[in-house]
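S.K.: Take this structure, written in structure tokens, and hold onto it; I'll ask about it next.
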């Protein structure tokens, strides 16, 4: 017995599966889903039950479709109808319209009669219900068509108000107008010939702009859909007074036309926006060209990109200009000075090379600041700096004591000034800064420094003693510094004083008194009693007014160290004379080779001050080391810069000091012994084993030449390291190595400090060289030069060849003719020659730093990974 499934029954009755399943379950059938099967009796009973219900599936489904159509506001797309029915309009114009319509009606009537025959088999209740539904749908369709036509006409009139008035069209009108009117005629014909159609209409596939025949699904008991008229390939022709008839457009055509019309409008809007944006993009934004600078300030080594930024031009333009000038370059290639100047001439501007200032050269910076201060417009009057100079015990400190109203000379050792003292004296609301210099012959450098930083020199000469050697020296210092001299003839109150004799003596040195027709001021004073001291001060102020001494207090402070010392409680202390600008507490400073920040600042009376103006002597603390007298003081913007400059200057000074120190070597041993009257020759001895070290030490200590013997200050086993070099440098000794090598760090340190390292592998050769050097008969003919160092990274053992070492050149180079040493843990394992040198599979003459190579050593195969290979050459040197 054949069985049917639930979904087959639902398909025949055009009812949803869930309704059939529900009904079958109500009838008591064992049904779980639409895939459950029923026999013929169950099917017959189920069908009768479904047909007897008041609700018909097709009616229910059609009501959904009609309600969906009621909600949609359809606008007929004139363009879609025009394209689809263009050929039908052509037939109408040629008289074939009637014949085609008659055939179409006959086909439609035949289909309808066939459908009626099929539906007669249904029961009367279903037929009546279906007829009611058809009538209702036809009425709804007619009403919807009328609304659509009215809205279409209204829209057409709004868009083309003039075209809607035209009824007769000539053959010369445009195809677009023909298609618009043809659409209206097609719609009228469809409305006239259309019969009621069934509710079940399957929409065609949403292919745009394609006039395909709509697909119709035949569903019982629904009437077939009216097919679209066939199109012909003949070219349409039109009569002059021909007016098309309107036809009604089917629902499916309206829906499809509406969709295509909406899509076209969306595309048009989108394309319009895209075109507008493209038009905006097509308009190139013109870059405002910046003018060329008047002067090109360049640095040698700049490339096209750097020059483009300075010239306000693109790098490509710079490269093009250089190409036209015959210079092939790219944007990143460095250019030399001549090329940059040539480019500047091409642009018609001047070129000026930027000079880099070495900020560690504070002497140059000091001079520059002094020149800028003199050219400044914000200059103010400053106190004169006066240096008191003269022979020892002529009364310089006594005069200063009188000026300061203190007893200074009693505190000096032996009555002689031991250091420069700086003091300020107030006279008639004006300040004068005095510097007291030593008068002893041993302090000539201090007198010279005092003359360099002063404005006026007061030369003190004792009336009872006359001109002395230090007096003449003071005159020379003052003249070399270009400083005016005021002569103070002191001790006129003493018996035997003869001021005129002093004036006569000074005339020999170019100091002619004003009273005798010269230009040198002479004042006869007594520092002890204070006679004419006031007149001396007035002369100082008068000379200062003539000189117009000025300074800029707003710029960075610069000064000079008068004296410096190390204080137990305060650290480094420096006496500073501020020459330009204002020095403040907290300023980062560099003084000579030292640096720091001003922590405490005190004046000449011992009081703390926060700032020091020009021509003010102060005492400062906060330096990392003690500077030297006459060192320059410069203030920097920040402490970081001051620290870097100070450290760099200290490093440069140390290197310079090492260059000047001459260490003892075997080459200069004999000369050093004679020059310094040496009694011992200090040697640092290093050997590979303790036995060799002891034997060498005993042999060397037996050597004695002309009362000079060898002193082994240190003996050890192993490679020569940094501590050995440091010890030899501090002891003015040289290093002897027996079968050992120095480390790379120790070798670099020895080269920088000038420590001599001699390496041997024969014990009697050590004895001969040291003894010959002490006798002055050392004649070296060859000198070993290390050319490179290698590290063994891998080894391979090959029969008939031996061990091949894969090595990396750490520094220098190795050649095929080089001597080679195998060093393991600082001990020389073998000293021989290179047997072969290869790079990959090719024999090479040389391998430089940073490359790998394969190397074999003559008569030696005990090479291990991490062994150090030292390549060297023997060079002949002249006898020293």
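Every residue gets a Cβ built from N, Cα and C, even glycine.
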S.K.: Tell me which range among 405-409, 410-414, 415-419 Swiss-Prot lists as region 'G2'.
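M.R.: The range carrying the region 'G2' annotation in Swiss-Prot is 415-419.
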S.K.: Given 366-373, 374-381, 382-389, 390-397, which one carries Swiss-Prot's region 'G1' label?
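M.R.: Within the set 366-373, 374-381, 382-389, 390-397, Swiss-Prot attaches region 'G1' to 390-397.
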S.K.: Of 428-431, 432-435, 436-439, which span is tagged region 'G3' by Swiss-Prot?
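M.R.: Region 'G3', as annotated by Swiss-Prot, spans 436-439.
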S.K.: Quick one: which of 490-493, 494-497, 498-501 does Swiss-Prot have down as region 'G4'?
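M.R.: The listed stretch tagged region 'G4' in Swiss-Prot is 490-493.
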S.K.: Take the region 'G4' (490-493) and count its residues per DSSP category (helix H/G/I, strand E/B, coil), listing them in that order.
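M.R.: Per-class counts: 0 helix, 1 strand, 3 coil.
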S.K.: Please count the residues of the compositional bias 'Basic and acidic residues' (34-43) that DSSP assigns to helix (H, G, I), strand (E, B) and coil.
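M.R.: Summed by class, the stretch gives 4 helix, 2 strand, 4 coil.
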S.K.: In the structure shown, which of the binding-site residues 390, 393, 396, 492 has the fewest Cβ neighbours within 10 Å?
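M.R.: Checked 390, 393, 396, 492; of these binding-site residues, fewest Cβ neighbours within 10 Å: 393.
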S.K.: Which of the three DSSP-derived classes (helix, strand, coil) applies to residue 390 (GTP binding site)?
M.R.: strand
